[in-house]
Amino acid sequence: MKHHKLLHLLLASLLASIRPCIGGDGDNLYDVCPSDAANQKMFFNGYPCKAPSDVAASDFKSSLLGSAGDTDNFYRSSVTLATAAEFPGLNTLGLSTARTDMDVDGMVMPHAHPRASEMIFVRAGVVAAGFVDSTNQVFQKRLGEGEVFVFPKGLLHFCFNAGFEPATVFSVLNSQNPGIASVSGAMFGGKGMMEKLKAVSMEDLNGVSSAELFGE
């Protein structure tokens, strides 16, 4: 009987230790908790909160995504990410947001967010967006203004301008620090990869393998 009780206690302790690891960002223990990253003196999981007396409405507003980014680069695109480090009001809310600008023929190379799923909203232009699942199948769709697409957590994904005018995309990610695991442009042949994606942008790639698309 004592052995059964001990086993139950061990199982309960194990479940209690695992539970925080299988969820998303931790729940907020306060009404609000704007980050005080500028005064952080030690490293831990997240950012310290401002003193309640120092919290202001400005902590919950950001203009970081209000202007187009610089697309004068090889990929003709720009990504501006606002996490809890730059946007204090996001701290402990499990959210971050981003703006992507793509000039004509611009693209965002394949990358993944290890700690977040991402939902994109096309504000202007025509965009092709896709991801590769764990069986190396590619799922891609063309999106017009007002349409949304979801990239599942941790999966390789990409997007590119599939129209004839600049495109703007806004994103919401379900982590205050989603992380970015980039894939080198050299791995996919740089410009060659860009041309290959554009060549199939008119097609529905559901079920196509990454080997067919990326040549792996």
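Cβ atoms here come from the backbone N, Cα and C positions, even for glycine.
The signal peptide annotation in TrEMBL covers 1-23. Per TrEMBL, disulfide bond is recorded for Cys33-Cys49. Per TrEMBL, the feature domain 'Cupin type-1' maps to 72-196. Residues or ranges marked as Mn(2+) binding site in TrEMBL: His111, His113, Glu118, His157. Taken from TrEMBL, the feature oxalate binding site covers His113, Glu118.
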- Task: Between the Cα atoms of His157 (Mn(2+) binding site) and Cys33 (disulfide bond), find the distance and write it as a whole number of Å.
- Result: 31
- Note on the structure: Here the binding-site residues are His111, His113, His157; the one whose Cβ sees the most other Cβ atoms within 10 Å is His113
- Query: For Glu118 (Mn(2+) binding site), which residues of its chain lie six or more apart in sequence with Cβ-Cβ distance below 8 Å?
  - Reply: Val150, Phe151, His157, Ser171, Val172, Leu173, Pro178
- Looking only at C-alpha atoms, tell me how far His111 (Mn(2+) binding site) is from Cys33 (disulfide bond), rounded to the nearest Å. 30
- Around Cys49 (disulfide bond), how many other CB atoms lie within 10 A of its CB? 19
- Item | Local Cβ density at Cys33 (disulfide bond) - other Cβ atoms counted within 10 Å | 23
- Item | Alpha-carbon spacing, Cys33 (disulfide bond) to His113 (Mn(2+) binding site), which is rounded to whole Å | 24
